[in-house]
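Notes follow once the structure below has been shown.
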Amino acid sequence: MSSTVTPVTKEGPVTKDGPRRNGSGTGVRAGRPHTAWILPGVLFFAFFAVVPMVLAFCLSFTQWNGLGDPVPVGLANWRKLIDDPRLTQSLTVTVLLTVVSWAFQTVVSLLLGVWAAGRQRNRAILSAIFFVPFLLSSTAIALLFYALLDPNFGLIQGDTLGTTSGAFLAIVFVGGWQFIPFHTLLYQGGARQIPDVLYQAAAIDGAGRYRQFFSITLPQLRNTATMSSVLMIVGSLTYFETVLILTQGGPGTDTAILPYLMYEAGFRSYDFGYASAVATFLVVAATALSLLLVRLTGFGAMRSTREGM
Amino acid sequence: MSHATSHATRPHRPAPAPTKPPRAAAPVHRRRRTERPNLLAGLGSAIWLAVVIIPVYAMITTSLAHQDEALGHNALKPPSHPTLENYRTVLNSGFGHFLANTAIVAAAVVAIVLVLCVPLAYVAVRSRTFWSNTAFRMFLLGVAIPAQAVVVPLYLMIAKLNLYDSLLAIILPTAAFAMPVSVLVLTGTLRDISEELYEAMALDGASPTRMLFQLVIPLAKGGISTVVIYSALQAWNGFLFPLIFTQSDGPRVLTLGLFNYVSQFGVNIPALLASVVLSGVPIFVVYLLARRALVDGLMGVGGK
């Protein structure tokens, strides 16, 4: 499809875009495919991700049990959502889970990643072992800990998942156990790209190991940390299966994170209108959060960490 | 033409070369500088080793135990009469079928993502028009859209498209949600292809299509393998879409198969753990055979 479109309208964007291009200092136009090449990808993504988001917004003003047609009910679902004590609780536990997981995973994977970036043989072997949990799917890992934490059988005595703090910490731990290997790898890759001259210069200035870590390694890992944090924060929403398998949102509704609340409302209570309101809320929260991150860190501009070198 | 391609492959090579020798020398250099070994780091990594190994060990030993022996038994002690019976139970419960479904889903998702994202990233990097910039921003924001948020309306759309309870119902949305990160990774890689290579090919009169196949794709191999691994993993890990868009045994993928074993096996914890071990085997084989490619590919998600 793309190849048939290209030659026809080739002139359009070239002339339209010419001045800006020159302004940015690159006067060359070699190998510039027509914008229409993005259409298949954009349409596909729009159909399966953007349209459903808009639909969720519309459905949030209706009542619908999955059969027949949705009935408009105005703001009823939103009113119910605001008055729902479960929402406050769910929001609190979602934010808490995200923040605690982010802190836990970032600290461990940053340290492990920088450590693993060294090329010593023992580090290479241990890194290979550290990676193993990532080979299991999240479902498999949730099942593994479901079995290991089973009070009648497990590794740990007592009913860990029966207490609020136990269930919460179990979810944080299981999420970390799965994703730390991946983020360690990101930090390892990032740390290996830090030019050695920086460390040599610091050593000449008499900076010790810890000073070097805080003054060189950490600032140089800025872009890695942003990418890793965005993935962690969005990823903490995928603890859905961990929650579903490990705690079913329990004890009570103490670990019912927003996605779980939505799942229960939609696919257990068949209240799709209300579920859509929760879903819309989730999108807004996630987008705001990642916009904030992108803004704060300048990720959109893809700034280089090599500036001034 | 041959001139251009020989150019095309070269700049990639020297790029890692100058960075490697100093790094190989670095540990020696550093060791001389800091005589004392890093005790804190050693301790930390030993603790994490225990955290990783103990659950894996308990999983394997328990999966080899008889069901009645496992109950009330200390999971850290090896079973007195190891048995493979649990594995037989799992293999007789549709495991192979679920695994095959997952493989089909993963292959299809990878193919769709590559076909759609490579041209997207090419345009985003080379033709910075208003629309391509807008599209790029959309994907940048798309990274943050949680799949959970769209599952209700997608359920409605899938039902209307008559795709409910089919593999396509899993494949299409999974591919769409693997796209944002893939586009980001690919644009990061394509930015590194130097202007002169495009100019050289343009002098030969190459069209953008030819440049895509003879310059961009060969030079973006690193990013492309990252995208392959990333999107295959999304399919491998996917749970929510299969849970909601399928119900029968026919299109059941491995994650959902494992989930159903919970109710099927009930208190037979050793069989459940055997299914978890088995689910890890295929990807463990991949890891053993192609550790470097897998690890380097995943590192690529972090960009540079």
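Placed from the backbone N, Cα and C atoms, the Cβ positions cover glycine too.
Residues annotated as domain 'ABC transmembrane type-1' in TrEMBL: A:91-293.
The region 'Disordered' annotation in TrEMBL covers A:1-28.
The transmembrane segment annotation in TrEMBL covers A:37-62 (among others).
Summarising the annotation, TrEMBL assigns transmembrane segment to A:93-117 (among others).
The transmembrane segment feature in TrEMBL is assigned to A:124-147 (among others).
Annotation source TrEMBL lists transmembrane segment at A:167-187 (among others).
Residues annotated as transmembrane segment in TrEMBL: A:230-252 (among others).
Residues or ranges marked as transmembrane segment by TrEMBL: A:272-294 (among others).
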Exercise. Are there residues at least 6 beyond the ends of the transmembrane segment (A:230-252) whose Cβ is under 8 Å from a Cβ of it, and what are they?
Worked result: 94, 97-98, 101-102, 105-106, 138-139, 141-143, 145-146, 149, 161-164, 167, 170-171, 174-175, 179, 183, 258-261, 263-264, 282, 286, 289-290, 293-294, 299
Exercise. Is the count of Cβ pairs under 8 Å between the transmembrane segment (A:167-187) and the transmembrane segment (A:93-117), pairs 6 or more apart in sequence, 3 or more?
Worked result: yes
Problem set entry | Residue numbers, six or more beyond the limits of the transmembrane segment (A:93-117), whose CB comes under 8 Å of its CB atoms | 123-124, 126-127, 130, 168, 171-172, 175-176, 179-180, 183-192, 213, 217, 221, 225, 228-229, 232-233, 236-237, 239, 254-258
